[in-house]
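Peer 1: Just passing along the structure, written as structure tokens.
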Amino acid sequence: MKELSEIKLRIMNKASELFMQYGVRNISMDDIASSLGISKKTIYQNFKDKDALVMHTMEGILEYNKTLCIPETTAKNAIHEAFIGFEYMMEVFRKINFSVLNELKKYHPKTYRKFQAYRDEFLLGVIKEGIQRGIDEGLFREDINTDILARIRVETLFISFRPEFYNPMQMDPYEVNQQLFHLFMYGMATAKGYRLIEKYKQ
């Protein structure tokens, strides 16, 4: 993304905060202007409409996430890398209103396609590389299909955002994702990998 003006960056940061907390549909341009103490006209001087603001805001979020989503340089091994990645993703999810992705899909399809590209290209690639690292280190079984397992992991990561899966008022999203993560890890692990999973779970 090209360098942004200070006011444009302020608008995007505030929009990001409000969208993640309350959902995209519930936040109006008036809400953003009021929160920043600026006029709505100032927002429209920087963004054509709400759809453009949503697009720019989500692009910024996804680019920022890319800089934080590659823990392999600090991880001791593939199991450690997976646990670091899981905790990072859960930290992100704790800040997100679970209606956001469904609202993007329904009301801002161009922006949703940006998210799909991030999920299906960048995130899928990171997970696939992590699985291959585990195989190379003797922590994951050699007979697993990295393409299939990486795709399954990506899909299970976003189950929390599907209202048809469960009611978030009745099931804790963190616990759901933790159970899925452990199931995924144990399913791939060798005996050596199993011992490391037990270590990092503590």
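Cβ atoms here come from the backbone N, Cα and C positions, even for glycine.
From a predicted model like this one, the values you see are computed outputs, not experimental measurements.
Annotations per TrEMBL:
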DNA_BIND  28-47  DNA-binding region
DOMAIN    5-65  domain 'HTH tetR-type'
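What's the neighbourhood like for these features in this structure?
Peer 2: Residues of the same chain lying 6 or more positions beyond the ends of the DNA-binding region (28-47) and with a Cβ under 8 Å from any Cβ of it are 5, 7-8, 10-11, 14-15, 18, 53, 56.
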Peer 1: How does the domain 'HTH tetR-type' (5-65) divide up by DSSP, counting helix, then strand, then coil residues?
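Peer 2: So the domain 'HTH tetR-type' (5-65) is made up of 48 helix, 0 strand, 13 coil.
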Peer 1: Averaged over the domain 'HTH tetR-type' (5-65), what pLDDT does the predicted model reach?
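Peer 2: Across the residues of the domain 'HTH tetR-type' (5-65) the model's pLDDT averages 96 on the 0 to 100 scale.
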